[in-house]
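Taken straight from Swiss-Prot:
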{"type": "ACT_SITE", "residues": "His152", "note": "active site, proton acceptor"}
{"type": "BINDING", "residues": "Cys160, Cys165, Cys200, Cys203", "note": "Zn(2+) binding site"}
{"type": "DOMAIN", "residues": "27-300", "note": "domain 'Deacetylase sirtuin-type'"}
Amino acid sequence: MTDDIVFENMVIDDTIVEEEDVEMKYYLKNKKEFEFLAKEMLSGKKILFITGAGLSINSGISAYRNTKTSVWSNFITEWGTRKKFEQDPAQFWNHFWLRTHEKQEYLDALPNSGHLAISNFVEYLGSNVITQNVDALHLKAKVPIEKLVEVHGRISLYKCITKGCRFEYDDTIDNIEIGDYSINGTTMKQGNLEITPPLCPECKKPILPQSLLFDENYSSHQFYNIEKAMDWIQEADIFIFIGTSFSVGITEEVICHAQSERKKMFNFNIFKETKISGLKSIVGKSEITLPLLERQLLYEAQKRNNGKKQIWYGNTIKRIVSENSMLLKEAMLKNDTKSSVKV
């Protein structure tokens, strides 16, 4: 049995040879990182995934930066503000939001193999996920809502900014059909939807998408769950970034904490990040590299199960992680006891 067992006994179809070549290329390029990370994932340590727009590109959703079609380059910084909305709600919706975010292809988007791998990691390992994406694809991939913080919001949900309204901070509006506000015979499916600004069901004032805008902060609405996110950051032992450009506040928080506490960080992206110290890179498209990591994890679990093959390794992984987690807790208790003994 060799370390390359991940690729043994594969049935190669002529129609997918090119895909398998890409997989093998990515695997060999990142082999040491896959092996190391898979072992760390089985160690019982707490893992936190932080996902960005790059994860959803394969699902047909434009990234925010670093591509020719990126939403970032399409005036998002100018228009993505509460100030712009207050100046002209109709223009905000029709000129900006419905052209860059709440579009039919975004609403119809499905999770790709990267999302599905993360969902499996959450199930196997009990990991948590903080996403910068508003596309709801982690939920579509069956990540439990209690294991997910959508720190930048979610499309098809809305908020009010009228002072004193319960939807200003405490609650989220989830019962509005945006197409009901269409004008001039336009529709979402035709890609030309124009609307009159939707109104708050409570105070009847124009409402905003439930999305963190550039002149807002994470504590501007409870939906963004910033306190929960910060707790997860403090508790985690290993941080795995996927498809992020490290250009927003939440990634800065994670990096500062990880570096100060000397915690391990891994980055899945199409390029190697060289400006952040202590960050190990797995280079390649996340819809390929994340399933490869899952295979490596299954292989490591099989090795620790004395090579016994099983139909599904989920329970084996959970058992190994649980056992190692208990060992870690026992070791920490011993260290705490030793440090508390007076000399």
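Glycine residues also receive a Cβ, built from the backbone N, Cα and C atoms like all the rest.
One residue stands out among the binding-site residues Cys160, Cys165, Cys200, Cys203 for having the most other Cβ atoms within 10 Å of its Cβ: Cys160. A coil conformation is recorded for Cys203 (Zn(2+) binding site) in the three-state DSSP classification, outside any helix or strand. Using a 10 Å Cβ-Cβ cutoff, His152 (active site, proton acceptor) registers 21 neighbours. Across all of the domain 'Deacetylase sirtuin-type' (27-300), the predicted model scores a mean pLDDT of 94. Residues Ile161, Thr162, Arg166, Phe167, Glu168, Pro201, Glu202, Lys204, Lys205, Ile207 surround the recorded Zn(2+) site, their Cβ atoms falling within 8 Å of the Cβ centroid of Cys160, Cys165, Cys200, Cys203, which are themselves excluded.
Cys165 (Zn(2+) binding site) falls outside any helix or strand according to DSSP and counts as coil. Note on proximity: of the binding-site residues Cys160, Cys165, Cys200, Cys203, the one nearest His152 (active site, proton acceptor) is Cys160, by Cα distance.
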